[in-house]
Amino acid sequence: MAGSQLNVLVKLDQAKTQWYHFMAIVIAGMGFFTDAYDLFCIALVTKLLGRLYYTDITKPNPGTLPPNVSSAVTGVALCGTLAGQLFFGWLGDKLGRKSVYGFTLILMVVCSIASGLSFGHTPKSVIATLCFFRFWLGFGIGGDYPLSATIMSEYASKKTRGAFIAAVFAMQGFGILFGAIVALVVSAGFRHAYPAPSYAQNPAASLAPQADYTWRLILMFGTIPAGLTYYWRMKMPETARYTALVARNAKQAAADMSKVLHAEIEERPEVVESQVVAGETWGLFSRQFMKRHGMHLLATTSTWFLLDIAFYSQNLFQKDIFSKVGWIPPAKTMNALEELYRISRAQALIALCGTIPGYWFTVAFIDIVGRFWIQIMGFFMMTVFMLALGVPYDHWTHPAHHTGFVVLYALTFFFANFGPNSTTFIVPAEIFPARLRSTCHGISAASGKAGAIIGAFGFLYAAQDQHNPDAGYSRGIGIRNALFVLAGTNFLGMLMTLLVPESKGLSLEEMSKDNVVDETAQEAIAQA
């Protein structure tokens, strides 16, 4: 039978949009701003690291990171993120969302600064310390995924919940753009202050010693906005759903939300008891869980996994793709800072024209169109544009067609973000019960990061030319065939989306069945 709903949860579901909603979006969103900045800014500086630490000036081309080093630098933070999502997701259900929320931010800020301070001047020492700190940076970032999503979903009303969670996630777009802008400004400033010839003109002089400061400043700068929100993150009360349904203190939940909503909220003891008993009857991966949510967990993990293979491949290696099609000039025709400047400019344009608009289209339409159809549409359009890039790939390599390639490439980002990149983050925060919500979101997100790791490590090798691979790499399938693989991955994601339930307009308890009291619970209530 359906149990009566706790009054505090009804009030939250029916609440009009208020100041505390926007505060929650900003506080949680700044974490994602830093997450995206830190995860994606490394792609901007890897070519610079190759020039600084692996250049042999007797060779005709500037140095690049060896394959194993490039994979480690690019992917180590993703490995840390996967571990952090599982650990902090579980911890968020055991200790509370707020209890561990501040720790993740501290870890991100400290490790981000430490990454920029990686010590030594030899390649081994710099890369080793950089990878060490970026792993723990990723560990902190991983915690922000389940905690931010769960906190925002549990604070929001059911009418605007999708838009509010999407708005938190949309800060990722600003983080990517901010990273590109910081790199653009820093490289432009150093390029102006320390002019240098191209590598072809003078290999030794093209590597200005001051360029070593640029990548360090870029890695550290993203901590500032997130650090400013630490105080407010600690001031947020625990979510009412955790306090009432997990910590079993409905009175405290009502008191906390009375202050937030500026209204008196009281709870009936019999309703509280029915909710608590119903929530205690089964655990993660139990038969009852698998019956109610097993297919849901399969849907959220598989779609996020498939999405991140494509999304992170595109994001982390767009600099290589732009070089291959000729949008960025050959490395030897530029000095180290000029190359960083051009890569940053390209990423800023893609973020501004494709990435950010996609996020905010999701914010605008998710509570109108629904999660399911946005995800289906996004995967479908990503498949179409990947094929549009891959089928006539030789056409796009001609200088006259570079602009068309960039436009189509930007559109794949637009429909990733106005599509599965946003919805795979939102849905797991809505469809699982309160006691397991953070854990299940962490599992879903970790599955996504497993896909990202495949994208980060696999695409680097797979996209190598079939006849003329980069130094240190074996022959790959080429960018054209790699685009076909990504198109197939997106198509599989569209098929797996058929398992995703629609949560538009429903309360969290209606989706998770937290307010359903089964026969065992009824007997326990009767005996109490």
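From the backbone N, Cα and C atoms, a Cβ is placed for every residue, glycine too.
Annotated topological domain 'Cytoplasmic' per Swiss-Prot: 1-24 (among others), in sequence order, evidence recorded as sequence analysis. The residues of the topological domain 'Cytoplasmic' (1-24), classed with DSSP into helix (H, G, I), strand (E, B) and coil, number 14 helix, 1 strand, 9 coil.
Mean pLDDT, taken over the topological domain 'Extracellular' (46-71), works out to 90 on the 0 to 100 scale. Per Swiss-Prot, topological domain 'Extracellular' is recorded for 46-71 (among others).
Residues annotated as topological domain 'Cytoplasmic' in Swiss-Prot, with sequence analysis given as evidence: 93-99 (among others). Proximity of distant same-chain residues to the topological domain 'Cytoplasmic' (93-99), defined by a Cβ-Cβ separation under 8 Å and at least 6 residues beyond the stretch ends, is recorded for 147, 150-151, 154, 236-239, 242-243, 246-247, 435-439.
Annotation source Swiss-Prot lists topological domain 'Extracellular' at 121-125 (among others), citing sequence analysis.
Residues or ranges marked as topological domain 'Cytoplasmic' in Swiss-Prot: 147-163 (among others). Across the topological domain 'Cytoplasmic' (147-163), the DSSP tally of helix, strand and coil residues reads 12 helix, 0 strand, 5 coil.
Each residue in the topological domain 'Extracellular' (185-212) gets a DSSP state, and the totals come to 11 helix, 0 strand, 17 coil. Taken from Swiss-Prot, the feature topological domain 'Extracellular' applies to 185-212 (among others).
Per Swiss-Prot, topological domain 'Cytoplasmic' is recorded for 233-296 (among others), and the stated evidence type is sequence analysis.
Residues or ranges marked as topological domain 'Extracellular' in Swiss-Prot: 318-348 (among others).
If you look up Swiss-Prot, you'll see 393-405 (among others) marked as topological domain 'Extracellular'.
The feature topological domain 'Cytoplasmic' is assigned by Swiss-Prot to 427-442 (among others). With DSSP states grouped into helix (H, G, I), strand (E, B) and coil, the topological domain 'Cytoplasmic' (427-442) comes out at 12 helix, 0 strand, 4 coil.
The topological domain 'Extracellular' annotation in Swiss-Prot covers 464-481 (among others).
According to Swiss-Prot, the feature topological domain 'Cytoplasmic' maps to 503-528 (among others).
Remote same-chain residues near the transmembrane segment (25-45) are listed as 73-74, 77-78, 81, 104-105, 108-109, 112, 115, 134, 137-138, 141, 144-145, 148, 151-152, 164, 167-176, 178-180, 182-183, 214-215, 218-219, 221-223, 225-226, 228-229, 232-233, 236, 315-319, 340, 343-344, 347 (criterion: CB distance under 8 Å, separation of at least six residues from the stretch ends). Among the features that Swiss-Prot reports, transmembrane segment is placed at 25-45 (among others), with the record citing sequence analysis.
Positions annotated as transmembrane segment by Swiss-Prot: 72-92 (among others).
Distant neighbours of the transmembrane segment (100-120): 31, 34-35, 38, 84, 88, 91-92, 126-127, 129-130, 133-134, 136-137, 139-141, 143-144, 147, 151, 215-220, 222-223, 226-227, 229-230, 233-234, 236; these residues of the same chain sit at least 6 beyond its ends, with a Cβ under 8 Å from one of its Cβ atoms. Per Swiss-Prot, transmembrane segment is recorded for 100-120 (among others).
For 126-146 (among others), the entry in Swiss-Prot reads transmembrane segment, with the evidence type sequence analysis. Same-chain residues lying 6 or more positions outside the transmembrane segment (126-146) and placing a CB less than 8 Å from one of its CB atoms are 31-32, 34-35, 38-39, 42, 49, 53, 69, 72-73, 76-89, 91-92, 100, 103-108, 111-112, 114-115, 118-120, 425, 429, 438-439, 441-442, 445-446, 449.
With respect to Cβ pairs under 8 Å, the transmembrane segment (482-502) is most closely packed against 372-392, considering the stretches 213-232, 297-317, 349-369, 372-392, 406-426.
Through the fold, the transmembrane segment (72-92) approaches residues 38-39, 42-43, 46, 49, 65, 100, 104, 127, 130-131, 134-147, 150, 312, 316, 438-443, 445-446, 449-450, 452-453, 456-457, 460 of its own chain, all at least 6 residues removed from its boundaries and within a Cβ separation under 8 Å. Across 164-184, 349-369, 372-392, stretch 372-392 shows the highest tally of CB pairs under 8 A with the transmembrane segment (297-317). Contacts between the transmembrane segment (349-369) and the transmembrane segment (406-426): present, as 3 or more C-beta pairs lie under 8 angstroms, all at sequence separation of six or more.
The stretch in closest packing with the transmembrane segment (406-426), judged by the count of Cβ pairs under 8 Å and taken from 164-184, 213-232, 443-463, is 164-184. Proximity of distant same-chain residues to the transmembrane segment (443-463), defined by a Cβ-Cβ separation under 8 Å and at least 6 residues beyond the stretch ends, is recorded for 67, 70-71, 74-75, 78-79, 81-83, 85-86, 89, 142, 145-146, 297, 300-302, 304-313, 316-317, 320-321, 424-425, 428, 473-474, 476-479, 481-482, 485.
With a cut-off of 8 Å between Cβ atoms, the residues of this chain six or more beyond the topological domain 'Extracellular' (46-71) that come close are 122-123, 126-127, 199, 203-204, 206-207, 211-212, 214-215, 319, 331-332, 336, 339-340, 343, 456-457, 460-461, 470-473.
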